[in-house]
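Chemist: Got a structure here, written out as C-alpha cells. Questions coming.
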Amino acid sequence: MGADATGDTAARGDRAAHGDTASGGATGGTAGNIATVDLHPSLLPLAFLVGTWRGEGVGGYEGMESFHYGQEITFAADGRPALGYVSHTWWADEPRDGREPGSPMATETGFWRVQPPATEPGPDGKVNGSPVVEVMLAHPFGIAEIYVGTVTGTRIDLDSNVLIRTATAREVTRSVRLYGLIEGGDLAYAIDMEAGGKPLQSHLSARLHRSPS
C-alpha cells in the first residue's frame, strides 16, 4: 500500500530489499549511535528508526505488472510519546501507463507509538515479552490503517488491526508489514496485502539507506 496504494513477509524481506532482516535483531546499526535528544523515553525501542531513509523498492500484486519505485521515509521525534512518520514514493521504472520516472506515486502520513509488553498469554499460550508497537497511517486514496505488532531488537512485525476506507476507495482487507535493520545499517521492509478478494500476498519491499543529517 505504501507505493501505490503481505503470506510470509519475513521470507520476502530479501526479495527487493536485497538483504535479510534478522530474526529478533538485525545486523548493522543500533540505537546507540542515533541522536535521541528529542526522543520520549517510551520510544527508545524505536530509536533506530529516527531520521530520514531513502532508497528503492519493487512492487507488484496478482494481476499487476511488477514495478520499481523510489522512496523517502522520515521518522521524527519531538519529545512527545509518538514518532511522526511521512513516506513519499515515486515511479522509478520505464515510462508506463502515463507514468514517467520521478512521477509521484503515494504518500503515507501517521504516527508510531510504543506500549509496554503484553502480560497476558497470546493465542499460542505464551506471553510475548516484546514491546507493543501501534502504528496509525493515512493514505490520500481514501484509506486509514491501524497496525499493532511488536519490536524485538531492530525487527518490527505489524499486522493491520483496523482498516477504514471511504465509499470510493478500493477494498483492502488486511496488510502485514515487516521492518528491520540489515547489513550495513540499512532499513528493509516487506508489505503483504489482502485486497479485492485476493489472498494475502507480497505487495511491496524495499531497501533504504539512512540519509546524512
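Note: Cβ is positioned from N, Cα and C throughout, glycine not excepted.
What Swiss-Prot lists as compositional bias 'Low complexity' is 1-10. The annotation region 'Disordered' is assigned in Swiss-Prot to 1-26. Annotation comment: Swiss-Prot describes 51-57 as motif 'GXWXGXG'. Feature annotation from Swiss-Prot assigns heme b binding site to HIS203; the stated evidence is sequence analysis.
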Chemist: Need the DSSP three-state call for the residue listed as 'heme b binding site' to compare against my parser.
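Modeler: Going by the DSSP assignment, the residue listed as 'heme b binding site' falls within a strand, counted as strand.
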Chemist: Measure from the Cβ of HIS203 (heme b binding site) and count the other Cβ atoms within 10 Å, all protein chains considered.
Modeler: 29
